[in-house]
Amino acid sequence: MLTKTKIYLSSPHMGGSEQKFVNEAFDTNWIAPLGPNVDGFEADIQNYLGNDSHVAVLSSGTAAIHLALQLLGVSKGDEVLCQSFTFSASANPIIYQGATPVFIDSESDTWNMSPELLEIAIIDRIEKNKKPKAIIAVHLYGMPYKAKQINAIAKKYDIPVVEDSAEALGSSYYNTACGTLSDIGILSFNGNKIITTSGGGALVTHHLELKNQAVFLATQARDNAPHYEHSSVGFNYRMSNVLAGIGRGQMEVLDKHVDARRANYNFYKTHLSNHSSISFLEEPEGFYSNRWLTCITTNSFELREAIRLNLLKEDIESRPLWKPMHMQPVFKDCLHFTDGTSETLFNKGLCLPSGSNLSQDDLNRILDIILKTPNL
Ligand SMILES: *Cc1c(COP(=O)(O)O)cnc(C)c1O
């Protein structure tokens, strides 16, 4: 019997020249967290993002968020406002700093941080003498958040924004690259992201001085002296030159990956949007999503589960939308400003297989199974 292969939600997709760059690292013995691939990968990302960006490549996106908070002076007892509808790595670094997260719900146009709830939260915290030290907003699933509104509020109250662009490399907002829309942006190159170095991340800033400070902290904060002198606490967060070689190869195919993922979205939408029980997240005017994952919302928890379980039976991976942070056991005592938007998305939404390496046969197989769901 012919066994069908497993279809993953989002799997690594090599372009071809990654190994050449990795081999160069071996041939020149740059097996270290610095070297020509690190410099080359940073230059490639800067060229791609434009908008006067300076990039420091790091060991992970989580490390990048941690460094961003450190650079912004977030410390013990501070409060940080964070989008609730996200992956836990957006919020965990707040705890690493001894600070307290306050979670903000999403609006329904982009599923990202609600500007209205953000301002309500800021006013409340200022009234209680707890002015937030930073805002962490997320371009979830590659869809840009409402940056104009979020930035205006941040400016009004003079609070810096960390832009979690881990899922949004290749997305843009009114033709400006996601990752460059705020004070500090972060990227991720984890195995399931739109490009991968197996594990890795980057910090993005408009200020060279801030990039240099990030690199300094990421390489153990060694002062300029012949011996080892330290006047601040550092981290070991720099990216390996071997992995940066994978990144250089991946940058050559990033645009192709975006095109492929957007084509996945269009395929699903074309064949499913005539079913009134299923809806898709549309791009507002000026918003361009890399469609990292194609997400649907259904009209009930039961239908979502029926689709998910039918796919699972056929060895096809799909996944409920992120469980909001304010509903997570680990953050159960945290303050939150919510209106049910992300909770509903979590209950009724599903991420469909979205890799840039899915074949037409894969897509047809997935669609076939979804269409067989009773009561669709
Ligand atoms: C993946 C991800 C991160 C963390 O990136 P890592 O490189 O896995 O540490 C942070 N935020 C969001 C929204 C992510 O999806």
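Just so it is clear, glycine is given a Cβ too, placed from its N, Cα and C backbone atoms.
Marked as active site, proton acceptor by TrEMBL: K193. Under the DSSP three-state reduction, K193 (active site, proton acceptor) is assigned to coil, being neither helix nor strand. Take the CB of K193 (active site, proton acceptor) and look out to 10 A: across all protein chains shown you find 25 other CB atoms.
Residues or ranges marked as N6-(pyridoxal phosphate)lysine in TrEMBL: K193.
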